[in-house]
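J.: Below are the features I grabbed from TrEMBL:
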type	residues	note
TRANSMEM	37-59	transmembrane segment
TRANSMEM	71-87	transmembrane segment
TRANSMEM	93-113	transmembrane segment
TRANSMEM	120-139	transmembrane segment
TRANSMEM	145-165	transmembrane segment
TRANSMEM	177-195	transmembrane segment
TRANSMEM	207-225	transmembrane segment
Amino acid sequence: MVSPVTVVKSEGPKLVPFFKATCVYFVLWLPTSSPSWFSALIKCLPIFCLWVFLLAHGFSFLGAHSSARKILAGLIFSALGDAFLIWQEQGYFVHGLLMFAITHILYSSAFGMKPLNMRAGLVIAAVSSLSYMLLYPYLSGPFTYLVAVYIALIGFMAWRAVAGLQLANDLWTWTKLSACLGAVLFMVSDLTIAVNKFCFPVPHSRAIIMATYYAAQMLIALSAVECQDVEVARKRT
């Protein structure tokens, strides 16, 4: 397994723009009541920086590893989803939902189907079912099934991320842990969005949503670079 110190030294500098862009978002804290292209840019900027983070590993790396390409594609659709959600009160919420649904499909494909880990799948299915049961009384019209489909997709993505983390067998790497934590934080972020939108106001909802969302995307982006770091470690040993 690659040392955490090696990870910080090799990946930390590439993530500096992401951290700066995230700070800009929270410092400016532009009001959501006045959507604009500028506020969309500020919201999407940290995700753009994660594009750059993956591209900084080289086109040859992306060409050789389909999982990294899929995560990059997922980040592109995420940015589109973020932009649509800026104008959610103007009728673009479903468009954002669709973009993030595609993101979860891409992330699920990147994480793969091995190992299967049915126990993790059952736990995630139970959490997803409870989440939908909480939301169901407040849903109406097309959201009754749209939210169900979305929860199924993000739950499946989380299952595939968590399944790769086999702590009991010591078959894990820092990137698998990163994917696992990222998926769980993504679920927390989206559940907060849903409860705040459909059920009742969540105190400090925007801060919770965006902090967990940006952390989730960073961790998932980090999970794409395992192959390169393994090669670096091999060259040094």
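A Cβ is built for glycine as well, from the same backbone N, Cα and C atoms used for every other residue.
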J.: So, does the transmembrane segment (37-59) come close enough to the transmembrane segment (93-113) to give 3+ Cβ pairs below 8 Å, pairs being at least 6 apart in sequence?
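T.: Taking Cβ pairs at least 6 residues apart, the transmembrane segment (37-59) and the transmembrane segment (93-113) are not in contact, as fewer than 3 fall under 8 Å.
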J.: Taking contact to mean three or more C-beta pairs under 8 angstroms, with sequence separation of 6 or more, is the transmembrane segment (207-225) in contact with the transmembrane segment (120-139)?
T.: no
J.: Sort out the residues at least 6 away from either end of the transmembrane segment (71-87), same chain, that have Cβ-Cβ distances under 8 Å to it, and list them.
T.: 32, 35-36, 39-40, 43-44, 47-48, 50-51, 54-55, 62, 93, 95-100, 102-104, 106-107, 110, 217, 220-221, 223-224
J.: Would you mind listing the long-range same-chain contacts of the transmembrane segment (177-195), meaning Cβ under 8 Å and 6+ residues beyond its ends?
T.: 100, 107, 111, 127, 131, 134-135, 147, 150, 154-155, 157-158, 160-162, 164-165, 202, 205, 208-210, 212-213, 215-220, 222-223
